[in-house]
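*Asks:* Heads up, here are the entries from TrEMBL:
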type	residues	note
REPEAT	93-126	repeat 'TPR'
REPEAT	130-163	repeat 'TPR'
REPEAT	172-205	repeat 'TPR'
REPEAT	214-247	repeat 'TPR'
Amino acid sequence: QKNPDVVGVIFIMTIDQSKLSTSNTPFAMIDEHSAIPSEQEILFTMHTVFRVVEMKQTAKNNRLWEVQLTITDDNDPQLSTLTNRIKHEVQDPTGWHRMGKLMLKVGHFDQAEELYQELLKNASSDSERAHIYHMLGMLKNQQGKYPEAVKFYEKSLEIKRKTLPEHDASLATSYNNIGLVYDNMGEYSKALEFYEKSLKIREISLPPTHPDLAQSYNNIGMTYYPMGEYSKAFSYLEKALGILRKSLPSTHPHIKSVMNSIAAVKEKL
């Protein structure tokens, strides 16, 4: 009321009884127990999930929005698909490492760094230390702290090179990620150096239709683009597209992304 720029929101919640599991009680009317009975309070259990159906401005006041919500449950196919996808992306043998990946996924960088630094103190093997340094490198890259990211990735790479075979796929991942950081810094020649090291290993250790191989071709192509090397960019992007068309569904967004990149290169050519 004091600030005219503040926007008000009214939440309208719809609860479809047919969607609720008989084993759960996701909400309860607590009018009789509320300090202010006229407010018709509702208590929801933890982790109750609502789907946003519609958002619209009210007719009488354009600073007031109505948000229509409908309750959902574990049987919701889209919610299940999203949950399963996140579970797949944060896979890790130990719970604390899964937690760290999830924190990175949702952008809780300070908490993730605190967790990984604590895990580093208690790491019991070189492989675990290499993994933690790698995750800290990812964290710093996402924060835009590129020099720090390179240092963590190089620490991880140093351990891996001492403990893994020369053409291990994990080394390729490290080289690729260091290349990504230099790419983000605009140091394209340096980025190419690491991308090519990654590609060399992947061409030896992976089948010719593996998506990671396509990733290497795509990264090299997209690094040649800002360098003005459009013919080279086109060649590598075409290789990436060929692999993705063999290994992914035709509607996969990675295919669309590479096609867009190829279109941009063709325009330059």
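Yeah, the Cβs are placed from backbone N, Cα and C, and that goes for glycine too.
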*Asks:* Within the repeat 'TPR' (214-247), how many residues are helix, strand or coil going by DSSP?
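*Replies:* Once the DSSP states are binned, the repeat 'TPR' (214-247) shows 29 helix, 0 strand, 5 coil.
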*Asks:* Summarise the model's confidence over the repeat 'TPR' (130-163) as a mean pLDDT value.
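*Replies:* On average, pLDDT over the repeat 'TPR' (130-163) sits at 94.
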*Asks:* Could you count the residues of the repeat 'TPR' (172-205) that DSSP puts in helix, in strand and in coil?
*Replies:* 31 helix, 0 strand, 3 coil
